[in-house]
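Engineer: Features from TrEMBL:
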DOMAIN    8-284  domain 'CheR-type methyltransferase'
BINDING   85, 87, 91, 129, 155, 210, 211, 227, 228  S-adenosyl-L-methionine binding site
REGION    266-289  region 'Disordered'
Ligand SMILES: C[S@@+](CC[C@H](N)C(=O)[O-])C[C@H]1O[C@@H](n2cnc3c(N)ncnc32)[C@H](O)[C@@H]1O
């Protein structure tokens, strides 16, 4: 039996079943989020903060606000409240190890012969993932900027994307970066902050992109990193996402996903396991959609 309301003792708001269902529906339609009933306490506590910040008295008022034209900014605030932007440099380093060994040698050879090379960090958060790709690339090819090599870095959240584009990190955030990368590719900005150098930024194109909407991109990519994003999506949305990656991956290219994510659905026949949560698009031309 479901509770009709959620109002912990001492809390000021009431979350009705119908209001929780409306929030879950909006989050699913707009961002692919899967808010099962078990997430109700999380939704209550995270969105109560939004109600307080907006000086609203009820979830019903909050839903009316989300329904108004021009509510995109608050919808994004809602997404930020319900998900996390946690990331760090060289997160799950084994992926970068595989990228260095299995992707970069061919990519560099192709670029040197005048070919086009593209990598994609999908759901890049504050930028540590695409910058880690760029550091790995520059380590193997210091003159990468002279060739047709680009890293596309996208996220649905314009605020976090602005941080990524800025490339300015605090001492705590820069800690996961090896000393030699820190020395070579960052400089001390104001106070205890570090700024990513222009030579690194030059390799990256940042763009806003919602993974559950249209993608104005065609690839092909030689590697895609989409890690710790699909974890928020429902099973069907995840399966659709994996299937949409297949045609934009070059045959033989690698897809890296988060440590608790798995490829499911029709894409499983096109994406073969190639390591710890890494998958290789099969070389055959046939693609299951
Ligand atoms: C936990 S971070 C992962 C960052 C990085 N990929 C990593 O693994 O370190 C999740 C990111 O996914 C983004 N995100 C959530 N839903 C999204 C969607 N529908 N389309 C694109 N990005 C989304 C969030 O804004 C957030 O920045």
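Placed from the backbone N, Cα and C atoms, the Cβ positions cover glycine too.
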Engineer: List the residues of the same chain that sit at least 6 positions away from residue 91 (S-adenosyl-L-methionine binding site) in sequence and have their Cβ under 8 Å from its Cβ, in sequence order, or write 'none'.
Structural biologist: 128, 129, 132, 176, 227
Engineer: Let me spell it out: for each of the binding-site residues (85, 228), count the other Cβ atoms within 10 Å of that residue's Cβ, using every protein chain shown. Which one has the most?
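Structural biologist: Neighbour-count leader: 228.
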Engineer: Just counting, how many other CB atoms are there within 10 A of the CB of residue 155 (S-adenosyl-L-methionine binding site)?
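Structural biologist: Taking every protein chain into account, the count is 28.
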Engineer: Using a Cβ-Cβ cut-off under 8 angstroms and a sequence gap of six or more, which residues of the chain neighbour residue 211 (S-adenosyl-L-methionine binding site)?
Structural biologist: 32, 122, 123, 156, 226, 229, 241
Engineer: Among 85, 87, 91, 129, 155, 210, 211, 227, 228, recorded S-adenosyl-L-methionine binders, what is the largest CA to CA distance in Å?
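Structural biologist: Among the residues the record ties to S-adenosyl-L-methionine, max Cα distance equals 22 Å.
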